[in-house]
Amino acid sequence: MNDRRERRLRAHAWSTVAILVRFLRPVAGRAAIAVGLGFLTVAASVAMMATSGYLIAAAALRPPTILLLWVPIVGVRFFGLARAAFRYLERLVSHDVTFHILAGLRVWLYERIEPNHRLLADRRSAEVLDAAVADVDRLQHLYLRAFFPPLVGVLVGLGMLAWLGRYGPWLAVAWGFGALTAAVAVPWWTHRWTRRGQLRLDAVRSARMSAADELLRGLLDGALPARTAAVLAELERLERKEQREQARQGWLQGASDGLFVFVTQATMAAVLWVGMQMFSHGRLAGVLLPAIALGALASFEAVAALPAAFQQFAQVVAAGERLLRLAQWDAPAEAPGASLAAARAVALAAEPADKTAVAASKTAPVATPAAVAAAAAQVHAANRRGGAGVPALRVRGLCVRYGPGEPYVLKDVDVDLDPGKRLAIVGESGAGKTTFLHVLLGFLPYEAGSITLAGRELRAWPAEDVRAMMAVVPQRGYLFHTTVEHNLRLAKPDASREELEQALRIAQVYDVIARLPDGYATVIGETGALLSGGERQRLALARALLAGAPILLCDEPTSALDSVTEQAFIEAFFTAAAGKSVVWVTHRLAGMERMDEIVVLRGGRIIERGTHRELIARGGWYAQMWRLEREMAADMAAKG
């Protein structure tokens, strides 16, 4: 049973490595140069030591003139300088290759996880951060220590066997046995004893990072005064456990290094003994004995990194497996630029069981690249005109739930968003308003129903095109630990200073930024800690406006604003959004008279719809909430 498990683990490890090696393809040429330079470095080292041994032996025989030693003297100098030059170039090229691969890995990982909102929601932020930063950094050992050195070792081994075989086959056999022991047996022993320890170390490290993340978030939010001592104690316990595992790994590494040195010296002694036997039988010149012995010793530079490479192999495989799990390597990702054929396949695979509810989606025309491009241009053009051309968005019979057997969070939702239309979706907390936006953005799949964008099923659109046409203002927009300007330019990197200022003014946050110590260049802290909650939300709104998307999705955009600022913001926002399609999700009813249609959600279903005047006249749930808000505003004004 254990043997089968071991075989499965090995097969899985090598499949992970095979996937990670694919990232070498864009830099395969430079990788080959790095391997070649590594071989030349060791070859120069072997030549220098062998020439030095020959020079010492020849000088000991007291030649009649120094000119007889001139060639080996020059050879030692040349090979010594060449070794330094080749080593420098090898380090330069191999690290350049590795950094290019790591940069590509980070971009690839971001493109895999960015569209998958559910994937991020199901994992702790510490786990995602550890994968995106630490695990990617650990993968450098795959290329620097576990990929390049074995190739260099193979080339050096072939060269040494050819060189020693010229003088005698037993010299090659003695060296080859020692080299195989040092290159395979010692690393295998190291890997066998360090693999389980590495798995334990990874588990402890992950738990420690999660505890540290919990402590940091609790301290920032002021929500951990009662649990601070317990969390700190757990963090200290995990750190001690991690130190013990690291010490155990260090002891094994030291034992591996000592064993490697022993094998190296024993191999040199064996080669020297074989050479002495050949010399005693007159088959080898005496001056070649030190040359062969020192050359054999120097050649082990090629395999010196292999024990460490095998030890790093366990870490690399574990890091690679975590990355592939996070990126859902085997899942059909909605990565930017994904083919429409793949998107269509995902749509067909996710076809709901409720056939009657999705008749329209099944008869929708298949999207071709040309059709999608034309539809995108049509949406942009229609929104610029603000006309009532092709419907920008049409939702029919939409049903959504978070998993099989779960209750529906949206049920039989029908919505039309024509170009230039202003649609408000209102309701109490938990009614499904934000879920509706997540479905439009592709963060959540819909189980039944149809969503068409410019006449094409939403599933058939590449995620990149959907995001390009929809700018979202989330309830809690994330701000990065960088300057105000850099946070804004995430939406439009080439935006002019005038465009930045216009977006800030519309969002009613320009005066706040102007008062900051360095204005646009002010670093606003982690998640925008330098700003208040309302200021952070308005800055996130300015970023969304700067994107210039034809469809704006606003999730509680005024929830952190006071009533005066709210009215000013609504006025400026809808002036700037003229001609754009707007979906305004809120539980506050300010500005509803500006909407073309208001949809009231309750329990995931539409209970009312119409204009502000129509809903007030009906006297239903909307009218009750409207009167309640007005009474609360009047009471606050009286108290103020």
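Every residue gets a Cβ built from N, Cα and C, even glycine.
According to TrEMBL, the domain 'ABC transmembrane type-1' annotation covers 32-315.
The domain 'ABC transporter' feature in TrEMBL is assigned to 393-628.
Within the same chain, residues 68-69, 72-73, 75-76, 79-80, 82-83, 86-87, 89-90, 93-94, 97, 148-149, 151-152, 155-156, 159-160, 286-295, 297-299, 301-302 sit at least 6 positions outside the transmembrane segment (32-61) and bring their C-beta atoms closer than 8 Å to a C-beta of that stretch. Residues or ranges marked as transmembrane segment in TrEMBL: 32-61 (among others).
Sequence annotations record features per position, and here TrEMBL assigns transmembrane segment to 67-86 (among others).
Here TrEMBL flags 142-164 (among others) as transmembrane segment. Non-local neighbours of the transmembrane segment (142-164) in the same chain are 17, 20-21, 24, 31, 34-35, 38-39, 42-43, 46, 94-95, 97-98, 101, 171-172, 175-176, 179, 183, 271, 292, 295-296, 299, 302-303, 305-306, 308-310, 312-313, 316, 320; each lies 6+ residues outside the stretch with a CB under 8 Å from one of its CB atoms.
What TrEMBL records for 170-190 (among others) is transmembrane segment.
The annotation transmembrane segment is assigned in TrEMBL to 285-306 (among others). A Cβ distance under 8 Å defines the sequence-distant neighbours of the transmembrane segment (285-306), meaning residues of its chain 6+ beyond its ends; these are 38, 42, 45-54, 56-58, 61, 145, 149-150, 152-153, 155-157, 160, 163-164, 167, 171, 175, 179, 182-183, 186-187, 260, 264-265, 267-268, 271-272, 275-276, 279.
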Whole-number mean of pLDDT values that fall within the domain 'ABC transporter' (393-628):
85
For the transmembrane segment (170-190), sequence-distant contacts whose Cβ falls under 8 Å of one of its Cβ atoms, 6 or more beyond its ends
150, 153, 157, 160-161, 164, 252-253, 256, 259-260, 263-264, 266-267, 270-271, 273-275, 278, 292, 296, 299-300, 303, 306-307, 309-311
